Amino acid sequence: MSGRQVQLEDWMIASFDVEYGPEIGAGGFGKVYRATLNRMEVAIKVLQNVAGIKPSVVLLQKEIEIWMNLRHPHVLQFLGANTLGRRRSEARREAPSRATTTTRGV
């Protein structure tokens, strides 16, 4: 143990609460996976080291504060994040699949 104390926040998620599924996307800051978080289908973005630089916990926490209060129909709802350990990530409610949408009478 490192002896480090951690202040727990409401938005914190534990890595053992997440079951990772297939990768569904990737970008400059990480890869996105379909996953389940406490039996809810979610999208998990795993943050990657950009140019070998570890994502800053302080900057990540500031970003989390913004996302926690953001509500918009075109933005996936922020559910939580893991800022501890080597696999830093954030969870959002998964977008509904367009494959299930049908058009009738066209």
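Just so you know, glycine gets a Cβ as well, placed from its N, Cα and C.
No curator has checked TrEMBL annotations; they are predicted automatically.
Annotated in TrEMBL:
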DOMAIN    18-106  domain 'Protein kinase'
BINDING   K45  ATP binding site
REGION    86-106  region 'Disordered'
COMPBIAS  87-96  compositional bias 'Basic and acidic residues'
COMPBIAS  97-106  compositional bias 'Low complexity'
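Its own atom aside, the Cβ of the residue listed as 'ATP binding site' has 19 Cβ atoms within 10 angstroms in the protein chains shown. Outside the compositional bias 'Basic and acidic residues' (87-96) by six or more residues, the chain places 13, 15, 18, 30, 34-35, 37, 40-47, 55, 57, 60, 64, 67, 76-81 with a CB less than 8 A from a CB of the stretch. Sorting the compositional bias 'Basic and acidic residues' (87-96) by DSSP state (H, G, I as helix; E, B as strand; all else coil) yields 0 helix, 5 strand, 5 coil.
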